[in-house]
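Here is what TrEMBL says about this protein:
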type     : residues : note
REGION   : 1-26     : region 'Disordered'
TRANSMEM : 36-53    : transmembrane segment
TRANSMEM : 65-83    : transmembrane segment
TRANSMEM : 95-113   : transmembrane segment
TRANSMEM : 119-139  : transmembrane segment
TRANSMEM : 146-163  : transmembrane segment
TRANSMEM : 204-222  : transmembrane segment
TRANSMEM : 234-260  : transmembrane segment
TRANSMEM : 272-290  : transmembrane segment
TRANSMEM : 311-333  : transmembrane segment
TRANSMEM : 353-374  : transmembrane segment
TRANSMEM : 386-405  : transmembrane segment
TRANSMEM : 411-428  : transmembrane segment
């Protein structure tokens, strides 16, 4: 028996469904989230949390490619979801819009690169966003049993990170294998004078996304304030060990905004989300023309300055070789360049730059829609809804210095946050929500009394 309790021990609030956005309609009207997407997300989360040792064990038995089971599940989930639709259970318009947009940007990529490889790779990167969107309750409405699994994952992650920092050197760090003719690291060694802790995950960058994700799911369900403080503090120290300054700042901002927000006062979270998007666009478009000062040290801004002076200008130079308003097309920048433009490979290291490379000027539209979604979030009922906003703040803030979409955990988390906020908004405008709001209005309650 754990010496503390979880709010999830009670029956969790029914999650808004994908199709209706309604949290508790009648059984005949409620359309369930695709369970395969739900399970796929948790298989992917488990494999990502333990990716270092998992890849190491697979390499020992010469089954390196088995790690792609994770990708196969994430691809299969939306396919099964679409295939299972019928007249009584129609496909939501949002899923259709997703595939139409992917097809348009894939066509642009095909025309620009004259190869299908970028589009295939790009679709692989964005499918986790769709999975998270389809099954947001896997993250923001976990069941009691799942909360205990999350707690085990979190403890294992923190302990492994501490051992990595002070005691052990894990055997998978720095080892690489060949998959599809490309060298792939089992565990990325980012060390440069001071160790950057990756723990059980593949690298410090992955850990900097994974531990806040697990923490957010625990904070949704934990009742005791002392335990919330303990979990948040431990997470902060793990982030410090990773030396990922963007993640540290994003976590502090997100948790700070969450701390001073409430169901009736979400302005700090909404403002933080919009500020993050503005700075995400400002940094790679304006700062690249500023003469930056020199800096050095593990917790200096040297890596940020290198992005300003080298990474982002090189990314814009690559994108500039193609129609400026269209971008390169789906999969046209980032990891996929290993297969079709290895000499111009650019990680982008900024979510806006990455999206612009994939979607061109439409990336501005997509980010504007996300900002609008955050600013217009209403019908906030409990800490699940608040955590969805806080998650968006963290991801957008961290997106200033990393290309989140190429991390499956981050991509799923982003999709889940967007989907959850959309359902909150649609629930408010649905007839079921209006009936519930009318039923719960103070005037009617007073009349009943």
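Using the three backbone atoms N, Cα and C, a Cβ is placed for every residue, glycine included.
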* Structure fact -> Per the Cβ under 8 Å criterion, with at least 6 residues separating them from its ends, the transmembrane segment (272-290) contacts 250, 253-254, 257, 307-309, 312-313, 315-316, 350-353, 364, 367, 370-371, 374-375, 389, 392-393, 396-397, 399-400
* Which residues, given as numbers and ranges, are at least 6 beyond the ends of the transmembrane segment (36-53) yet have a Cβ under 8 Å from it? -> 67, 69-70, 73-74, 76-78, 80-81, 128, 131-132, 134-135, 137-139, 146, 153, 156-157, 170, 172-173, 186-187, 198-202, 206, 210, 213-214, 408-409, 412, 416
* Asked: Are there at least 3 C-beta pairs under 8 angstroms linking the transmembrane segment (234-260) and the transmembrane segment (386-405), leaving out pairs fewer than 6 apart in sequence?
  -> yes
* Would you mind listing the long-range same-chain contacts of the transmembrane segment (204-222), meaning Cβ under 8 Å and 6+ residues beyond its ends? => 4, 6-8, 45, 48-49, 51, 139-140, 142, 147, 150-151, 153-154, 157-158, 161, 188, 190, 196-198, 228, 231-232, 235, 238-239, 242-244, 246-247, 250-251, 254, 383-384, 387, 390-391, 394, 398, 402, 404, 407, 409-410, 413
* Structure fact -> Long-range CB partners for the transmembrane segment (65-83) (under 8 A, at least six residues beyond its ends), listed in sequence order, are 34, 36-37, 39-41, 43-44, 47-48, 51, 54-55, 58, 91, 95, 99, 124, 127-128, 130-131, 134-135, 179, 408, 412
* Non-local residues, at least 6 beyond the ends, that sit with Cβ under 8 Å of the transmembrane segment (353-374) -> 101, 105, 108, 122, 269-270, 273-274, 277, 280-281, 284, 312, 315-316, 318-319, 323-334, 389, 392, 396, 403-406, 418, 421-422, 425
* Structure fact -> Long-range Cβ contacts under 8 Å made by the transmembrane segment (311-333), restricted to residues 6 or more beyond its ends, are 102, 105-113, 117-123, 125-126, 283-284, 288, 341, 344, 346-350, 353-354, 356-363
